[in-house]
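This report concerns only the one structure given below.
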């Protein structure tokens, strides 16, 4: 689908004072606002901060659940956007509303699983909920910004789920939730520069938008660095204890033996009280700086994390699509005092590099990434740009690779995400069968875990990370999920231990904060 219609937009950009502490900025501007988002990034080697994006407030919230996409205007600015997109969406699905000016929903038809891959990509789908808005403002010299979450379970709308029933675990997460930015702060930490951008979609709202920009600039003169902390229990519970989880690993090994899959990623969930979400994110960020760090303040949940792994990245200037598979891990080499022992750390890296099981698992997933890239990229452009490097984080080290290709001209980044979700490092291979088996054995939704957080702009840029090393917080409880890459010769207890190692950094950060106030 190609939507060329233009709509009014006025964008202003003004320099603002640089502050390194983005958590304090978010606390000052957004802590009382739902529908706000903080994206931070750090360099893998040096751990130095690179860039940050703060979606201070939004004009429209776009939420998907099943085959229904809901568009909610959050103010008068957003109402104009709904007015613009409504007629375009009526051509794509069944539209319903009590008051079309404030909120409406679009029901898309389920895709026929008998269609070939290209026909599925060219059909109207729930991704058009985002595509319509992005396309409407593609003429804007300063691109609009859509930031948010694709849940893991979004994929259930696109794969056969016959005979699969999932238990209600009491957690509610939309299939996707995105915000159309009204005010966006961009921070370049390397050059110590910051800019406040405002996006006005309704001509009559320009004065109000300017007033809000002035108010934001004034608040930045008195940044609140103090995060309120409440005492809470540091007790951690899990949905599968070690015997239960190793039992799942053993049962899945049967499916590897009979050839259903040759690699799969079972997971389990660790839960604990988390009344101090922003402070926990700040602690995690301090303990474990990562390429992708995020704090999403939704009306219905809070999601924060420090992910090492890109989900899908797209640059329109050269049409390069990129997947960054991470598979194979070892704990960091700590001494008896909890400090990194360089010699032990180096030995563990060598052990990781020489482990045949880890090599096999990693190469399977590199091959799966190559297949995903090939599905949507031009023939002959796919290549493995980096192979089996080692990235280090606070508690764990990983084998990583980078696979790239040139996206076909008739497709965009949302088509690519539809074709590639969910990332193979969180599912296994063959991917569809692995995802079906995961649902059968875990028997519940994964919610945010294994999905993607990031952003889409109207000029086509798309940058997302896999939601791992993260906490989904709802009703005061944080849910931290972690998986393991299982192959034929996997040791069940080692796989259970791997999930604990992967969850450790987030659990530690939350527990540190919970006990600070005691």
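Positions of Cβ are set from backbone N, Cα and C atoms, glycine also.
The candidate list 32, 34, 36, 41 contains one residue that Swiss-Prot assigns to the L-tryptophan site with 291, 292, 293, namely 41. By the criterion of other Cβ atoms within 10 Å of the residue's own Cβ, the least surrounded of the binding-site residues 361, 498 is 498. In this structure, the binding-site residues under consideration are 41, 329, and the one with the smallest number of other Cβ atoms within 10 Å of its Cβ is 41. Spatially close to residue 484 (chorismate binding site) yet at least six residues away along the chain are 249, 265, 266, 267, 490, 495, 496, 498, 499, 502, judged by Cβ distances under 8 angstroms. Residue pairs drawn from 328, 329, 449, 469, 483, 484, 485, the listed chorismate binders, are separated by up to 19 Å at the Cα level. Residue 361 (Mg(2+) binding site) sits 11 Å from residue 329 (chorismate binding site), taking the Cα positions as reference. Nearest Cα neighbour of residue 41 (L-tryptophan binding site) among the listed binding-site residues (328, 449, 469, 483, 485): 469.
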